[in-house]
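Okay, so here's the structure we're looking at.
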Amino acid sequence: MQRETLALGWAIATILALQTVAATKCTPRTLHHKARVFEDLSAQELKAVRNFLWSHKELRLEPSRTPTMAKNSVFLIEMLLPKKQHVLKFLDKGGRPPAREARAVIFFGAQEHPNITEFAVGPLPWPYYMRELPPKPGHQATWASRPISSAEYALLGHALKEATKPLHQFFLDTTGFSYQDCHSRCLTFTDVAPRGLASGERRSWFILQLFVEGYFLHPTGLELLLDHRSTNAQNWTVERVWYNGKFYRSPEELARKYEDGEVDVVVLEDPSPKGKSEKSTEEPPLFSSYKPRGDFPTPINVTGPRLVQPQGPRYRLEGNTVLYGGWSFSFRLRSSSGLQVLNVHFGCERVAYEVSVQEAVALYGGHTPAGMQTKYIDVGWGLGSVTHELAPGIDCPDTATFLDALHYYDADDPVRYPRALCVFEMPTGVPLRRHFNSNFSGGFNFYAGLQGQVLVLRTTSTVYNYDYIWDFIFYPNGVMEAKMHATGYVHATFYTPEGLRHGTRLHTHLLGNMHTHLVHYRVDLDVAGTKNSFQTLQMKLENITNPWSPRHQLVQPTLEQTSYHRERQAAFRFRQPLPKYLLFASPRENRWGHKRSYRLQIHSMADQVLPLGWQEEQAITWARYPLAVTKYRESEVCSSSIYNQNDPWDPPVVFEEFLKNNENIENEDLVAWVTVGFLHIPHSEDIPNTATPGNSVGFLLRPFNFFDEDPSLASRDPVIVWPRDGGPNYVQRWIPEEEGDCLMPDPFSYNGTYRPV
Ligand SMILES: [Cu+2]
C-alpha cells in the first residue's frame, strides 16, 4: 500500500523553518549551596557528633569493638533529613536553611534492662544539643531487635568454636575441615534470621561451611541453633544441632552417636582436588569460583567495546547534585536504608521530592532448619552501609564519575567506602525516537533519529552473599526509572532428597533454596506542586450501533477513569487487579486541557509471600501492596527499620499503620509506596553466581500530559537526513560531528579496602 507522498520542496521548507520550539530558560534554582540540605554528613560532622556524644559522660559510652554486649555504644550516625515543609520553604522561598541534624542510635547494654535509644544531635557542624527521637506509642524497639554488631559476631564465632570442640574429629572425618588448628582448611558459618519464633528471642540458626572461595556454596551438612539473647556471652547455649536430616540435642550427643556408628554420615568430596593437571601448575578451580573453565565455540581473547566521551561528560556534578539536560536532582546514601534521590526537577519544575529504597527482603523455603527459617530483611543487615567499591569498566563504565561514601555504622569512626557510587551517561543502544519516511518508490522523504542516551546514578549493596545493584536512570524525555539488579551468591543449604520440594540440587551436596526477593520504594511525587490526586485509566469496551451502518454493531475501546478519594481505596493488594495507567495528577492542565500528570509504570513479578497477619509478616506489611498511595506525613517517612529483622513479630515500624487512618488523598501531598520483586527458583546456572540478565525489577515515572509535547525536543542530539536531487544527502545536525580525543581510560585499579577516617 502506497501512501501519498508530499510535494517536493517540503524538505527544503522545513530546513528553512525557524526552530519555533521555545527553549525554556531557567537556571536550576537549587544549586550546590542549597542542596547541602540533602547532603550526607561529612567525616568532620560525623566525628563532631561522635565527640559530642562521648563528651556526655553520663552515657558511659564504650567503643563498639569492645568484645561484650553489656556495654553502651554508638551503633549508627547518619544525617537526619529536616521536615519537608521546612526544606521546601528554604528551597523555594529562601531564608535560612533548616538546622542540620544527625540521627544517632545508641545501644544501652550496660544496664539491668538494656534498651535502644535514638537521638537527634545538632546543630551541625558544632552540635550543642541532643534530644530523644521518641518511638511511636507502643513501638519501642526491643533490645533483642537490634542488629548484630561485629563485636557480637566475634563472640558468636568464638562460641561456635567452643561449642563444636566435641565435633573436631567428626568434622575432620566428614569434611577434612575443622574449627581447631585448621590453617587453610577451616570452617566458617552463615547465620540466618529471624532469630527465634517470638518477640524478645535472639537465637539463631548457623550453617557451618567450608571456608573456601565462595563458601556460601559449601555447607558441611551441619546446622546449629545458638541462643545468644543474654548480654553475657558466657550464658549462650547451643539448643539444637541438625545434621544430614536429623536433629540432635547437642554437639556432644552428635559426637557420641557418631563414635557409636549411629549417625548417617555423608563424607564430602574434597572441594579442591589435589590432582593437578599436567599442563598447569594451578589447581583446578572450585565450582564456586569465578575462574574460567571450558571454552566457547567461538573463543574471544581480546577486550570488548567500551564507552568513550570524546568531549567530556555532558552532566555536571555540584556536590551531591547532578545537572543533566532537563534534569536536576540531589542524592544521598543513607547508611541504614540506602540510595535516595531528592528534589528531582525536570525543566524548571519539581517532579518528585524523594524517590528512595526502603527495604529489600528475601523469604526462603527449605528442608533444613536454617533453610525454612530464613526470612532476610536486609535493612537489619546494614543495607545502606555495605556499599563496597565499584570496579571501573565492570560495575560502571570507565568514563563514570566515582564517588566515595562515608558510613558510621557499627564503628567508632566514620568509615570511607571508596568509589561507592557512580554517575555516568551512556548510550542505551536503542534510539529514543526515530522515523524513516519512505517515499514508497525506492527512496525517502527524510530520515530522523534521536540517539538514546541516559544518565545513571548507581550504587550496590553486598548483603553478605547477595549483591544488589541499585540504579536511578534519567531519560532525556522526562522519564525516570528505578531499577534493582540481583546478583552474587545464592543462599544455599545442604542437599537432602526432601529438599527438592523447596529448590534445586546445584551440586553434590548443595541445594539452592527457592525464595522471593521483594524491594520496597518510597516515591514522594510532587507533580507540578505538592497538591496532587491519584487516578487510574483503563480500557473498557463499548458495544454500539455502527453509526455509518446502523444494521451493524461495533465494539470499540473507551477510556474509563477512576478517581481515588481515600488511602484504603488506593492500596492495591497483590492478586487484585492493578489498573494499567496509574496517574499522579496536578490540578493544573497542559495546553490541551488535560491534567498534568506523571504515570507510574511497575516492572515486577512480585506476588504475595505470606498469609496476611502471619507472625513475621508484621515486619513487612508493605509487601501486601504492589502500590499504596498515602498522604504525606512526617511520621511516615520510612516503611521499615534496622530493627524489623530481629523482631519481626513486634517491629517498631509497621507500614500497615500508615493506612489505618484512611486519610483523604485528593488534592494532597501524595506518596506512592511501590513493591517490586521476583520469585527466584535457583537453577544450575546460578553457579557460581546469580546473573543480572532477567533478574531486574523496578518502575518508571513517565510524564503523562505533563508537557505540551515531548520535552526531549530540547535535546540537540537529533540527526535529520534529507535526500537531495543529484547530490549527496543533506545531513542536518545541531552538535557538530567533531572529532574528540579518544582517550584511553586510566589503567584498571581496585583497592577494595574500607577504613576509618
Ligand atoms: Cu535470589
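Placement of Cβ uses the backbone N, Cα and C atoms for every residue, glycine included.
The model shown is predicted, which means the values in this text are computed figures rather than measured ones.
Sequence annotations record features per position, and here TrEMBL assigns active site, schiff-base intermediate with substrate to TYR466. For 271-282, the entry in TrEMBL reads compositional bias 'Basic and acidic residues'. Positions annotated as domain 'Copper amine oxidase N2-terminal' by TrEMBL: 44-130. Among the features that TrEMBL reports, domain 'Copper amine oxidase N3-terminal' is placed at 146-246. Residues or ranges marked as domain 'Copper amine oxidase catalytic' in TrEMBL: 306-713. Residues or ranges marked as 2',4',5'-topaquinone by TrEMBL: TYR466.
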Give me the DSSP three-state residue breakdown of the domain 'Copper amine oxidase N3-terminal' (146-246), ordered helix, strand, coil. 31 helix, 32 strand, 38 coil
Mean of the pLDDT scores, which run from 0 to 100, over the domain 'Copper amine oxidase catalytic' (306-713): 97
DSSP helix/strand/coil residue counts for the domain 'Copper amine oxidase N2-terminal' (44-130): 25 helix, 28 strand, 34 coil
